[in-house]
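Visitor: A single structure is presented below for examination.
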Amino acid sequence: MRSPGRPSVTSPPLRGEIVAAFGRHFLVKTADESTLTCVLRGKKSGAACGDWVEIYQTASEQGVIERILPRSALLYRSDLSREKLIAANATQVIIVVAPVPSFSEELINRCLVAAESQQLSVLIVLNKTDLLGPSKVALNGLSLYRELDYTLLPISARNDVKPLLPYLEDNLSVLVGQSGMGKSTIINALVPDAERATGDISPTLDAGRHTTTHARLYHLDRNARIIDSPGIQQFGLQHLSIEAIAWGFREFRPYIGKCKFNNCRHSGEPGCALANAMRESEVSVRRIDLYHKLIASLNTNRIPSSSSRTKIQ
C-alpha cells in the first residue's frame with residue numbers, strides 16, 4: 001500500500017475504530033460498517049487495535065489516520081529498545097494458560113502487573129481442562145491467584161466455550177498468553193468465521209504468511225467485543241517504575257509506604273514492611289520471589305519516575 005497523499009481540506013474526517021493492526025497498516029471500521037485500510041500520517045505515535053481514530057479517506061478503500069482519539073487505557077509491553085502496543089481502550093485482560101504446553105508463571109505475573117497499571121479487570125482462563133491429570137496440577141498451581149481475588153475460569157474451548165460468555169458481556173476484552181495455550185481455539189469457538197475474516201485481511205494489509213501475528217478485534221454482539229493478540233513469550237515492563245511494579249502486586253499495597261526507608265525496594269532492606277509481612281505469612285513467598293525477578297530484569301537507567309504509571313495518549 002502506497003503512502004496516501006494529503007486529502008482535500010474540504011473532505012470531512014471520518015471517525016472509526018481500529019479492528020486490525022499489522023505494523024504501520026491498520027484496518028479501520030467506520031460508523032457505516034465499511035472498512036478502510038489506513039496508515040498513520042507522518043511520524044505520529046503508534047496506534048493499536050481498539051483505538052478510536054479520525055481518518056481521511058484517500059481512495060475507495062484506503063485512508064490515512066490523522067488523529068488518535070483519547071484512550072481510556074493502553075495495554076503494551078516494552079523492552080530496552082522498543083514498545084509493542086497490544087490493545088487500546090480494553091476493559092478486561094483475559095490471560096489464557098493451559099496445562100500443556102506448560103505455562104510461565106512469571107509471564108502471568110507480568111501480564112497481571114501490566115493490567116493493574118492500567119486499572120483493567122483480569123480473568124485467568126485455564127484452557128484444555130479435558131486433559132484431566134495435567135489440569136488438576138495446573139489448577140493447584142493457580143489456586144494462589146484465586147486467593148488474591150483474581151477470577152480463575154477452567155474451560156475446554158474445544159468442547160464448550162459457553163462458560164466464558166458471561167465474562168465477556170459489557171467488556172472489550174483482550175486475550176493474551178503464550179503460543180499454544182488455545183487462544184485461537186477460543187476465538188474460533190466464539191467467532192465461527194474468524195479464520196475467514198483473518199484470511200481476508202492478509203491481502204488487504206499485505207501481511208502474507210505473517211497474518212497470524214497481528215491483533216484483531218471481533219464484535220460478538222453489541223455489548224461484547226474481544227481482541228485476539230499474537231502469542232507472546234516475553235512481556236517486558238521497562239516502561240514501569242519499581243513503585244508501579246510493586247503496586248501491580250495487589251496484596252503488597254497495604255504495606256507500601258510503611259517501610260523504614262522511603263526508597264525501599266523490598267529487596268532485603270532493613271525495616272521493610274513487605275518482608276515483615278512475608279515472615280508473618282501475610283504475603284506469599286512465591287509472589288515475593290516473582291516480584292524480585294521482575295525488578296531484577298529492569299534496566300534502572302530507563303525506569304521512569306514513580307508518577308509515570310500509565311501511558312494514555
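Quick reminder: no glycine exception, Cβ is built from N, Cα and C everywhere.
Swiss-Prot feature annotations, pasted as is:
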type: BINDING; residues: Asn127, Lys128, Thr129, Asp130, Gly177, Gln178, Ser179, Gly180, Met181, Gly182, Lys183, Ser184, Thr185; note: GTP binding site
type: BINDING; residues: Cys259, Cys264, His266, Cys272; note: Zn(2+) binding site
type: DOMAIN; residues: 82-235; note: domain 'CP-type G'
Visitor: Hey, how far is Cys264 (Zn(2+) binding site) from Met181 (GTP binding site), Cα to Cα, in Å?
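Guide: Cys264 (Zn(2+) binding site) and Met181 (GTP binding site) have their Cα atoms 37 Å apart.
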Visitor: Based on Cα distances to Gly177 (GTP binding site), point out the closest of the binding-site residues Cys259, His266, Cys272.
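Guide: Of the binding-site residues Cys259, His266, Cys272, His266 has its Cα closest to that of Gly177 (GTP binding site).
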Visitor: Do any residues at least six apart in sequence from His266 (Zn(2+) binding site), in the same chain, have a Cβ closer than 8 Å to its Cβ, and if so which, in order?
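Guide: Counting only residues 6 or more apart in sequence, the Cβ neighbours of His266 (Zn(2+) binding site) under 8 Å are Ala246, Phe252, Cys259, Cys272, Leu274, Ala275, Ile288, Tyr291.
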Visitor: Apart from Cys259, Cys264, His266, Cys272, which residues in this chain have a Cβ no more than 8 Å from the mean position of the Cβ atoms of those residues at the Zn(2+) site?
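Guide: Not counting the recorded site residues, we get Tyr255, Lys260, Phe261, Arg265, Ser267, Glu269, Gly271, Ala273, Leu274, Ala275.
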Visitor: Going by a 10 angstroms cut-off between Cβ atoms, which of the binding-site residues Met181, Cys259, Cys264 has the sparsest surroundings?
Guide: Cys259
Visitor: Report the mean pLDDT of the predicted model across the domain 'CP-type G' (82-235), rounded to a whole number.
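Guide: The average pLDDT of the model in the domain 'CP-type G' (82-235) works out to 89.
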Visitor: Return the single residue from the binding-site residues list (Asn127, Thr129, Ser179, Thr185) that has the minimum number of other CB atoms within 10 Å.
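Guide: Minimum Cβ neighbour count within 10 Å, taken over the binding-site residues Asn127, Thr129, Ser179, Thr185, occurs at Ser179.
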Visitor: Can you tell me how many other Cβ atoms are located within 10 Å of the Cβ belonging to Cys272 (Zn(2+) binding site)?
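Guide: By my count, 19.
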